[in-house]
Amino acid sequence: MAPGVGGYRQINKALNICAFEEYLESQQTHLSSLPNVEQISPRVIRVLGQNPGKFTLQGTNTYIVGTGTKRLIIDTGQGIPEWADLIRETLSGGDFLLSDVLLTHWHGDHTGGVPDLLRMYPDLTPRIFKNTPDRTQQPIVDGQIFKVEGATVRAVHSPGHSHDHMCFVLEEEQAMFTGDNVLGSGTAAIEHLSTWMVTLKQMQSHGCKLGYPAHGAVITDLQSKIGSELAGKLRRERQALQALRQASRNGSGGPGKGRLTVKELVAAVHGDRIDDGIRVLALEPFMDEVLRKLAEDGAVGFDMRGVLKNAIPDIKARKRFR
């Protein structure tokens with residue numbers, strides 16, 4: 001998958017996806033192999049999007065849900081022709097049709113297959129559902145229910161990875177389609193850290209045991225996985241605060257104030273031997289998001305320098321611990 005394809009570049013304008021390549025390639029080597037089509041539960045068939053990559057893992061998962069002659073489909077892959085072939089073969093082989101198309105969010109690796117789906121099944125044209133829809137789609141709202149034989153699917157608005165992100169609870173299985181908020185392996189790119197953390201706690205509150213992620217294998221203990229995701233982000237917050245406290249003890253920024261640039265803070269947390277490209281293009285933007293969350297929480301203050309009126313603050317603006 002080419003860097004930036006599928007909507008990821010838009011998540012954080014300062015993030016250059018290429019900077020993650022070495023890390024993501026090493027992560028990919030540990031991924032389990034998944035079949036192109038697999039019946040993963042009595043009610044759920046998973047179809048791979050045929051778009052494996054550094055951010056998509058084994059590929060975008062499409063889920064076909066239900067047990068009868070009419071079924072739901074969740075997400076549509078990236079628009080790879082081989083994916084469309086798999087969908088057609090799966091439907092004809094199982095002798096069932098699709099009633100509704102549910103999209104977790106707007107990114108291209110989830111919505112790119114819609115044109116192929118409508119070309120094959122034009123009757124679905126008025127049955128494409130998405131939160132904050134465009135003029136060709138129908139809305140999904142929090143709590144909305146979609147029912148087919150053998151499956152009751154409840155929509156859960158879950159912003160964080162993207163503003164329009166939806167998860168879906170499969171009531172009969174105590175399972176949740178987690179979209180890109182929680183992946184089968186590793187952690188997702190995040191549009192807004194503070195919102196994402198609130199959302200993950202909300203996702204936990206539904207009490208689902210299984211997770212069907214948009215990328216990666218089935219999550220067998222969703223509660224534990226969500227807990228680990230939250231703990232990892234909180235650990236980064238603590239490390240950032242610890243570094244700022246140390247700076248305050250050293251007198252940087254004046255009495256009781258720890259003042260560090262984002263560059264200095266990344267070095268304090270990750271060490272000073274990090275590749276410059278990864279530091280500038282990956283770690284600094286993420287640390288900036290951590291600091292913005294801490295500022296929202298009232299834990300740190302901003303001391304901007306060299307900022308023009310109406311301009312976006314430089315990522316190297318200095319941060320002040322309170």
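Even glycines carry a Cβ here, placed using N, Cα and C.
Quick look at what Swiss-Prot annotates:
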BINDING   H105, H107  Zn(2+) 1 binding site
BINDING   D109, H110  Zn(2+) 2 binding site
ACT_SITE  D109  active site, proton donor/acceptor
Candidate with the highest Cβ count within 10 Å, taken from the binding-site residues H107, H110: H110
For D109 (Zn(2+) 2 binding site), the number of other Cβ atoms found within 10 Å of its own Cβ: 27
Helix, strand or coil at H105 (Zn(2+) 1 binding site) [DSSP, three-state]: coil
